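**Student:** Below is a structure I'd like to ask you about.
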């Protein structure tokens, strides 16, 4: 009987912790949901590249393009919301920031299919190219929403380092 009560308390505590984490993700995390989609796409690209024997190039293009399109979709669904500041004042969202985030995502989405032939001619590693494009996009998106000097310093580092490695 005691074990049953302890088990129920554990379940209730776990549920409270999960709901608190979900609440944090829903309200603070929804501001960076398009960026989270790109981070998930980056992790998925790294996992597929490191675990597969054959380099399935169409899958890599599909994953990166899909993550960019999903990020654009999430950004468009967030349109016309009230301006919000989150993460202790380090990140802000408003319609002006979202316009520039949309432009960065659109340019990256167009960059991938337009550079397929160039990558094949130079025999560059496709995974590296896609990772650099997605990371530069992520840095640019964080730079658009930066509201603190530290964030303004770190986001261009992510953006510029990947842009330098792509050239």
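Note that Cβ sites are derived from N, Cα and C of the backbone, with glycine treated the same way.
Copying in the features that TrEMBL gives for the protein in this structure:
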{"type": "DOMAIN", "residues": "18-117", "note": "domain 'NAD(P)H-quinone oxidoreductase subunit 2 N-terminal'"}
{"type": "TRANSMEM", "residues": "22-47", "note": "transmembrane segment"}
{"type": "TRANSMEM", "residues": "59-79", "note": "transmembrane segment"}
{"type": "TRANSMEM", "residues": "99-119", "note": "transmembrane segment"}
{"type": "TRANSMEM", "residues": "126-143", "note": "transmembrane segment"}
**Student:** Same chain, outside the transmembrane segment (99-119) by at least 6, Cβ under 8 Å from its Cβ: which residues?
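**Tutor:** Contacts with the transmembrane segment (99-119): 34, 61, 64-65, 68-69, 71-72, 75-76, 126, 129-130, 133-134, 136-137, 140-141, 144-145.
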**Student:** If you average pLDDT over the domain 'NAD(P)H-quinone oxidoreductase subunit 2 N-terminal' (18-117), what do you get?
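**Tutor:** Summing pLDDT over the domain 'NAD(P)H-quinone oxidoreductase subunit 2 N-terminal' (18-117) and dividing by its length gives 84.
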**Student:** Summarise the domain 'NAD(P)H-quinone oxidoreductase subunit 2 N-terminal' (18-117) as counts of helix, strand and coil residues per DSSP.
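**Tutor:** Across the domain 'NAD(P)H-quinone oxidoreductase subunit 2 N-terminal' (18-117), the residues distribute as 76 helix, 6 strand, 18 coil.
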